[in-house]
Amino acid sequence: MFHGSGLFALLLMVLEWTRPGLSSPLRPICDLRVLDHFIKEAWDAEAAMRVCKDACNIATNFTVPLTRVDFDVWEAMNLEEQAQEVQSGLHVLNEAISSLQASNQTDVLQSHIDASISNIASIRQVLRSLSIPEYVPPTSGGEDKEMQKVSSISELFQVHINFLRGKVRLLLANAPVCHQGVS
């Protein structure tokens, strides 16, 4: 299942290059349909976790990024600050979701976990291709104010969805490389 995510992204890029009627291909890295695919997969994972209830219970709290966006604050941030917030959030989500791999989940749930980890890696690759700075861990050991705790796997995946729909989408939609030559 998670190998299909990369194939889907590649297929979208190839289809965009070969779409008739375009004098030049759109930059596939700027095509938000790729992100929409990752959001849909996160949605499917959250739905699967919600359905399984007791079988998917883990007695632990997960640290996850805050998903709310104060648009005035976001727009006042420079690209590097926005990128650091998104990359930091992806790092924390990846850590939380990766921690589920050690739990004994069903094959279906494990495939959602694996797909989510793969999708986060793919999103990081898209960000890298847009020349968006990579995650740099803070030098201080203090807890980040942009984090929160959730207590269920379903909540973890709900945060994953909201983070992709919010901060990741904002960063990708406004990436400077995607707006070069557009007036």
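Placement of Cβ uses the backbone N, Cα and C atoms for every residue, glycine included.
Curation plays no part in TrEMBL annotations; they are all automatic predictions.
According to TrEMBL:
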- CYS30-CYS178: disulfide bond (DISULFID)
- CYS52-CYS56: disulfide bond (DISULFID)
- 1-23: signal peptide (SIGNAL)
Long-range Cβ environment of CYS52 (disulfide bond), under 8 Å and at least 6 residues apart: THR106, LEU109
Set of same-chain residues at least 6 away whose C-beta sits under 8 angstroms from CYS30 (disulfide bond): LEU130, LEU172, ALA175, VAL177, CYS178
For CYS56 (disulfide bond), the number of other Cβ atoms found within 10 Å of its own Cβ: 18
Neighbour tally for CYS178 (disulfide bond), based on other Cβ positions within 10 Å of its Cβ: 16
